[in-house]
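Now, the feature entries from Swiss-Prot:
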BINDING   45-52, 288-297  FAD binding site
DISULFID  Cys145-Cys148  disulfide bond
Amino acid sequence: MLKVKSDFLTKDQVIYDVAIVGAGPAGIAAGIYGKRANLNLAIIEGSTPGGKVVKTNIVENYPGYKSITGPDLGLEMYNHLIDLEPTFFYANLIKLDKAADTFILYLDDKTVVFAKTVIYATGMLERKLGVAKEDHFYGKGISYCAICDGSLYKDQVVGVVGGGNSAIQEALYLASMAKTVHLIHRREGFRADETALNKLRNLPNVVFHLNYTVKELLGNNTLNGIVLQNTLDHSTKQIDLNCVFPYIGFESITKPVEHLNLKLDPQGFLITNEQMETSLKGLFAAGDCRSKHFRQIGTAINDGIIAVLTIRDVL
C-alpha cells in the first residue's frame, strides 16, 4: 500500500502505466497514441483542454487546415482523444513525488493518482509586464488572452505588447473589433511571420510604437491608460486606452516538480534526452515546458508522441 498525505483521497490504488499532466497538443497526442497502444493512462488537466491553441485566434500553418480558429482546432483534438475514452482528472497537479518505482501525483481537488511513468506536458505561463499594479488590473484592463476578452473591448482602444507571432496574430484579431490597436514593441525588428506583420501594417486602425516598453499602468479601479518609455532616449509618453494585452513571452511551469532537482536550462525549462526523458527516470517532458529552440503545435505533438511510444517500448 502506497502512503500518501493524510488530507488527500485515494479512491483506489490503480497504478496507471502513464499519467499525462496537461491536455494541450503534446498531452493530447500522447494520450491518443497511448490509448491506441493499449496503455492504461490517466490525463490530468485543470484548465480548458487544448492548451495555448484555444487562446489563438487563427491557425494557418497546421497541416490539413488552411485556416482554422484555435478554439475549433483545440476542440477537434480534445474530441479525438475523448472518443478513445481515457481516464480524465479535471484538476491541477500541485506536487509530483516518487516512491520506489511509482509516481504519486497530488491534485488540487485533494485526489491522488499513481503511475509507473509520467509525461509532464504543462506548457507555459504568459510572462507578465513586471510593472506596478499589474495584478490589480488583471480582469479590469489587463488580459493575457485576446480571444477570450477581446469582444469586451469592441469599439474601444486597446494595446498589444510584444513583437512575436502571438502579439501580431492577436493584434490582427483585436483590430477587427477595436477602434484603435496600439502595438508596443521594445525594438525595431520583429520575430513574427512577415505575412501576418504586413497585414497588420496595412490596417488603418493600428498604431505602432517601436522602441518602447510599458513603464506605468494608470487608473484606479480599472485601467484607463499607460505610460510608455523609449528604450533609446528614455523619453516617456502617455496613451489613453481601455485594455492592454501582453504577449512578451512565456515561462515554464515547473513548481509541481521543483523539489525533484531536475536538470533545467538557464530559462527554467526541463532538459530531456531525445526520448523526452528528464534527468529523473520515468519522468518525461513534452511540449512547451521542455527546453528546445522551436515551440509550435507540431513540435509539441512530436514530443508527446515520442514520449509515449518510448514508454510503450519500455513497460
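A Cβ is built for glycine as well, from the same backbone N, Cα and C atoms used for every other residue.
Sequence features, as recorded in Swiss-Prot, placed on the structure.
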residue : record           : Cβ contacts under 8 Å, 6 or more apart
Glu45   : FAD binding site : Val21, Gly22, Ala23, Gly27, Phe88, Phe89, Tyr90
Thr48   : FAD binding site : Val54, Gly74
Gly51   : FAD binding site : Gly22, Ala23, Gly24, Pro25, Ala26, Gly27, Gly74, Gly123, Gly287, Asp288, Ala300
Cys145  : disulfide bond   : Lys55, Phe245
Cys148  : disulfide bond   : Lys55
Cys289  : FAD binding site : Gly22, Tyr120, Ala121, Thr122, Gly123, Met124, Ser252, Ile253, Thr254, Phe269, Leu270
Lys292  : FAD binding site : Phe269, Thr299
Arg295  : FAD binding site : Met124, Gly287, Asp288
